[in-house]
């Protein structure tokens, strides 16, 4: 397509008529790989005489096509002709300065794609172009623009991958330093100068992000850079040209320069000025920076912060970065000494005003309360917030320099409380009271541990927090709820005060102001955790849940879901009447969150986080009603659409949560419905395609399907679940690129298959044995080797004669037995086994070996039988000892837990420390862990040879498998008795080959088997009586 026709097609792509527009797009797609197409698009983009709308369409099409086809990941994808690529590389850079910003941004994205793919190998001339144009006055912007993209390629690269950056720095930094020096000296600089300086700062930032370039270790060169940075930081921004609009103002070039310089100085200080670094050159640099620059930067920062005292302007991000610098300085003695004379000014005239409710807060509260809530709970917003940085500074100051500072700050807060209480309604300092409450909440952990404050906390809440629940200022009602939540775990001397605080927070759920309702829900979580008498909440639980879901329909906030999880967790089975309604409401919220997330997928929005929260809450609900299987039938139709959609690649970001729900549904339902079976192919397709990282999670529901729906699994041929399982497992186990740790779930699933389908899947014995033996040859980790040998043991238990015949057919019988017996004997220096560490491992091996013993003499020669018999005796004794040790440890743990519970009842001080978020996450994650262990699997197996942490771990007491009912000691004795009855001579020969020690072992096992029979009968009787 020539230039004229291409222009016409691009113009048609702008048409309002859908047919014309679609035809144009189809034409562009048809010709995009033809020679010269990309070059002609570039010609149109840079043609100043062409219509701007057409140029813009061309730039977008150019960017998208380059992104897709310049260096495609899929080798099957068609490629751009090499001649076109060469011509684009030769010409694209020169047009950067000629294009207006809108087109330059699109072209910049394309240049980024080219650099990531081609530099330095296919584009060695790029660096020369940059250095040449840095010397050219009218091309400096273009050179800096490209150099910024080039340096950013190496910003996060490892040391080895950063090698090309060394040459870039070597050739460009001297030129950049000279350009910066010239720019700084310009009197009354225009805004274009700020744009150039900003680009230089960004290049510097990317180049020093992970390590200091060697050139900057030269003190004189580094000094020149820092002097220029400080010069720019100290000097006032130009008065002329500064926008009045708040958003435009913070994005103004000169404020951006200050932001990037502060960013750079923080990075140098926090990462490279640490005196504990180990590299000699780095240590020298750290000493030089601390001695010559850290104090100067601090002084400069404090000068900038004066704007807060005087009512001047400083962008939020700059304030945040400066406060990060101050917070880092608190821990360093020399820096704190510099700060100390001004600490009162910093605390009371800079930090505290930032903690107070302000005009911007009020405007957002009034005009867009949803945005106010979003910003208040957004982790990303916290990273840039001056208020969060101020809170961090106070926390660090009282933690590291608490002596004097804590008392001083608390007295300051108390004085604000006093002035507030004494002032008339119209003169009360409402915003300062808000800041004071925020400060008290921020210092919660410290105050709860420190005399004399910890004894005064309840009185403080009653006098200064409780009254604000009824304040006419919405922001104070919200802050009162938040502070109350921070202190919910203290030991209230008067439980009426706890009740009053909790009911005030609950009342806040019906507040007319949205932010108050949200903060009240957040606070309620702490009160539900701390509440000793759930009768306080029980009568109002239905209304509480109603308010919850009204709020969840208004706001997408994962903290709301956390509180709901806590309520469900505390009330457990009492949630049964509400379970279906809760699941339906959460499902509705989930779909709404998904819709909002998909509508604006460019934004890191709260909708996606809230969607994850909904899934977690659903799991919590399912766990709470796990003893009521009939509810799972009712809930299934609500959850099925979520599972069906999110088990595909659409659910990659929430796959663990979705699999957790599926695990509950397939484990606790009375039976697995055909609708639930329809999810098996979806999950297996994901495993075969992209979900291998989730194999350990997928293992659990697959086990549930096979063990709880065995009849359907075996009988159904459309779809063929057995074939589907084989396809998935064989794909994983034959993949040469898979690490040992990646395939651990595979042999566990083969075990599930053979144990549950005993006598029904003979035709799969040979394929799975071949697969297992092939992988065993390549296995290195002891844990995987053990699991693979256990597959063979399971096959023997499934059908010993068939399995032995297959091993002989494959010519590996002797090799397998030799390996097995060597592994059974392997011990570490400390005497602990290298292999078959868990009770379950030993039991499976015992059952496999005993099954071999049961074979007739023509299958097992006498010498082989003796070897198997002795190995079985030794393993049974090891199993018996481990079971006894586990029981002893469990009994001890139970006693310790009882003592712990008693301590909890006597002393609440530990609870006063509050609940750490990490602890809370750990607690909520236990639900799936319990379920996984109930299926007999560990989420994380330590398989390092030098790590003994898993030697003593036993997950068998909760294991639910078909071999649970099989006692290996009784099985052994019955097998030997059967040999004695059917072939007395063979039995006699076997006994005569045993020395005294083995005969003693055999007698001991026979005695233990008799005891086990009595114990089992007793257990059955107790169970029957209990029912």
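We count from 1, first residue shown onward.
Any Cβ shown, glycine's included, is placed from N, Cα and C.
Between the listed ranges 817-840, 841-864, 937-960, TrEMBL ties the annotation region 'Disordered' to 937-960. From the options 748-782, 888-922, the stretch TrEMBL describes as region 'Disordered' is 888-922. Secondary structure of the domain 'Importin N-terminal' (24-98) per DSSP (helix as H, G, I; strand as E, B; remaining residues coil): 49 helix, 0 strand, 26 coil. Predicted-model confidence for the domain 'Importin N-terminal' (24-98) is 90, expressed as mean pLDDT.
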